[in-house]
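For reference, TrEMBL has these:
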BINDING   Asp56, Asp58, Asp273  Mg(2+) binding site
ACT_SITE  Asp56  active site, nucleophile
ACT_SITE  Asp58  active site, proton donor
BINDING   Lys248  substrate binding site
Amino acid sequence: MFSLQRFTNFNRSLVNGVKFSTQTFQKYKQSCTDLTKLPKAQARAFINSLEAVISDGDGVLWLNDRAIPGSPEAFNALTSRGKKTFICTNNSTRTRMSLMEKACGMGFKVTVDNIISSSHALAQYLKDMGFDKLVYVIGREGLIKELAAVGIKYLDIGSDDMKGTVKDMMNTIDLNDNVGAVVVGFDEYFSFPKLTKACSYLMKPDCLLLATNTDERYPAGEMILPATGCFVRAIEACAERPAKVMGKPNKEFCAALLKNGLIKPQTTLMVGDRGNTDVLFGYNCGFYTLFVGSGTNTLQDIEKWRHSTDRELHKQVPDFYLPKLGDLMKILKD
């Protein structure tokens, strides 16, 4: 893990005899400025002024199991230049260790301490509050492994298919009285019985409803796959109460890094491909934001948000833009 150290208020960079600080670039806030269109010296000065870079994974560093061309080189170049680099993902299907192994296999130089994941954050949240009941999990192995790692007990996961009529299902459901939390992550086996069980547990006012994230969908070639947010919304609607979301855009996602002084908002850059998770997360934390066009959202989306009268949508407009993270090498290379 990065060692704690004290920094000046703003990291400074000297370019052609002119001193730049991160504060110098405040004028670019929510401007969606293409970094490659800035004078190279100025764009490089901005990168030099940063102390930490937090990047989303899927859509920024990789797509499914393949690195996006140029991303490993750019990410590693930032690390070699002394930046504190982190991969911050809402993906709840893998443990931090599994995510690290995936990243390293693609050429990214990271350790497990460089990984910030929603499943780990959720498990840590329950541990910190002294949770000692059972968890009903809608999710996959990565989520339950993170729960198990901190001593949280859970009911078995897997498929729970609808068999027969609703009446038949109701006669076979056996609710566990010791369940004190419903936890929702990505689950390709999401079903009517699971929805019924989750909302039945949540009839108890003291039963927690926690979600790893609320991402709505995953692009998959010519198809769109429903993501965790679809399951969360269904449960919220039926249970008639909101979930506490652990991942992006919740600023508590990296609260430990901020509290320990490992990162500072004014010298941190958040890189992402989604407006309502990555960019909004950066906005909520007070980071600079860089949107890359290699994933979910597009520049057309950003233009809609920029001209929207909805102030919440306007928060999703990033400070800077690159077609893909690998284009950062055009700035970093001499």
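The backbone N, Cα and C atoms fix where each Cβ goes, and this holds for glycine too.
TrEMBL does not curate its annotations; it predicts them automatically.
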The residue listed as 'substrate binding site' CB neighbourhood, other CB atoms within 10 A: 30
Extra residues within 8 Å (Cβ to Cβ centroid of Asp56, Asp58, Asp273), Mg(2+): Gly57, Gly59, Val60, Leu61, Thr89, Gly272, Arg274, Asp278, Val292, Gly295, Thr296
